[in-house]
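Student: After the structure tokens below, expect a handful of questions from me.
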């Protein structure tokens, strides 16, 4: 192994960067391209911010659902309507 200039930052050492740029392809060759590609593509690990999912807004005419609930009959009491016997 050849000596490395100690003044160089570790990420600038020869051999630390792949010769080709990373791509968005998920084939086997590209998944094993470099350590970053392996962790993100092959293992599916990403430490970036997660995108917030937007809640689906109901359509503008959604008031009919609320109206239909109020038109439903009230629940009927179950059991003996005269009450408990003593």
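Just so it is clear, glycine is given a Cβ too, placed from its N, Cα and C backbone atoms.
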Student: Where does the N6-acetyllysine label fall among 19, 51, going by Swiss-Prot?
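Tutor: In Swiss-Prot, 51 carries the N6-acetyllysine label; others show none in the record.
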Student: Out of 28, 41, which residue gets the N6-acetyllysine annotation in Swiss-Prot?
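Tutor: My reading of Swiss-Prot gives 28.
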Student: Quick one: which of 29, 71 has ubiquitin cross-link in Swiss-Prot?
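Tutor: 71, according to Swiss-Prot.
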Student: Of the residues 12, 50, which is given the N6-acetyllysine tag by Swiss-Prot?
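Tutor: Cross-referencing 12, 50 with Swiss-Prot, N6-acetyllysine lands on 50.
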Student: Starting from the Cβ of residue 51 (N6-acetyllysine), draw a 10 Å sphere and report how many other Cβ atoms land inside it.
Tutor: 6
Student: Taking the Cβ of residue 50 (N6-acetyllysine) as the centre, count every other Cβ atom within 10 Å, in any protein chain shown.
Tutor: 7
Student: Where else in the chain does the region 'Core' (38-48) make close Cβ contacts, counting only residues six or more beyond its ends and a cut-off under 8 Å?
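Tutor: Distal contacts: 26, 30-32.
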Student: Can you tell me the three-state DSSP label for residue 28 (N6-acetyllysine)?
Tutor: helix
